[in-house]
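Accompanying notes for the structure given below.
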Amino acid sequence: MDGRAVAPAAGTVLNALATGVGAAFALDIDTEASVSVTPSESGVSGEIAGHPEADTALVERCVSRVIDRYGDGQGGHVRTESEVPLAAGLKSSSAAANATVLATLDALGVADEVDRVDAARLGVQAARDAGVTVTGAFDDAAASMLGGVAMTDNREDDLLFRDAVEWHAAVWTPPERAYSADADVARCERVSGLAEHVAALAAAGDYGTAMTVNGLAFCAALDFPTAPAVTALPHAAGVSLSGTGPSYVAVGDEDGIEEVSTRWHENPGTVRETTTQLAGARTT
């Protein structure tokens with residue numbers, strides 16, 4: 001029994017490390033998962049295309065979680081292939097988890113019967129099992145699974161709201177990498193007052209301002225430079241450090257984002273122009 005699914009990356013509106021409340025938005029950069037479920041075998045194996053040495057514990061745990069809930073003790077194999085760079089702050093783990101959960105549900109023939117929010121929670125549980133997240137990252141998972149902007153309380157895995165937003169986006173990813181599980185949570189908690197302000201801005205629909213305040217606050221908390229955000233500000237509706245870095249994401253209209261992209265190309269690393277994504281994760 002085989003299943004396939006894709007899930008988008010995401011950018012940050014509000015980093016949840018300060019208060020447990022976070023918000024993110026889906027980006028049109030995909031991760032694809034292919035899952036084979038075999039009744040005659042036990043155990044789960046995994047591979048990540050192009051990264052033979054990468055840790056596959058997360059996606060393997062996603063398959064196991066789904067089979068434990070909806071299967072009958074089958075074994076399985078998962079292969080993911082991604083446009084999303086690993087450890088870059090673009091929610092590669094959430095995208096991989098969502099795609100794997102949906103692909104496994106598809107392989108079991110129950111993808112249409114499972115609520116998408118519940119499916120995202122399965123991936124979050126697997127991420128906690130695998131130790132790849134501090135907060136559970138339900139905000140990232142919800143944005144990737146549902147599309148658009150999602151705000152969540154990660155302490156309860158509670159979806160506070162989801163909204164549809166359409167932006168052009170520029171993504172700058174420096175050469176270095178940063179792992180979410182290594183983030184200095186204590187320093188992030190020191191900007192909790194600003195995080196609460198960001199949450200209020202986002203709840204009022206002022207996502208661009210929310211992003212920008214979040215970006216400046218968490219650049220300070222996580223020791224990333226603010227210069228890339230300041231460079232983008234005159235041309236963007238909002239700009240933020242994405243997740244725990246090192247990527248930055250700017251959003252706005254097409255002309256403004258082209259200007260941001262041009263300026264960010266002066267830096268080492270890679271720059272990508274894309275758009276927000278409203279459809280979320282889906283089987284294929």
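Cβ atoms are placed via backbone N, Cα and C, with glycine included.
Packing around Ser93 (ATP binding site) is summarised by its Cβ count: 28 other Cβ atoms lie within 10 angstroms of its Cβ, all protein chains included. When secondary structure is read from DSSP and collapsed to three states, Ser93 (ATP binding site) falls in the helix class. Taken from Swiss-Prot, the feature ATP binding site applies to Pro85, Leu86, Ala87, Ala88, Gly89, Leu90, Lys91, Ser92, Ser93, Ser94, Ala95, supported by sequence analysis.
With a cut-off of 8 Å between CB atoms and residues at least 6 apart in sequence, the same chain places Ala7, Pro8, Ala9, Ala10, Asp30, Thr31, Ser82, Val84, Ser144, Ala281 near Ala95 (ATP binding site), listed in sequence order. Ala87 (ATP binding site) carries neither a helix nor a strand DSSP state and counts as coil. Sequence-distant neighbours of Pro85 (ATP binding site) (same chain, six or more apart, CB under 8 Å from its CB) are Ser92, Thr173, Ser247, Thr270, listed in sequence order. What surrounds the ATP site, by Cβ distance within 8 Å of the Cβ centroid and not counting Pro85, Leu86, Ala87, Ala88, Gly89, Leu90, Lys91, Ser92, Ser93, Ser94, Ala95, is the set Ala9, Val84, Gly243 from the same chain. Residues near Lys91 (ATP binding site) in space but far in sequence (CB under 8 A, at least 6 apart, same chain), listed by position: Ala9, Ala10, Gly11, Ala24, Val84, Ala137, Asp140, Ala143, Ser144, Ser242, Gly243.
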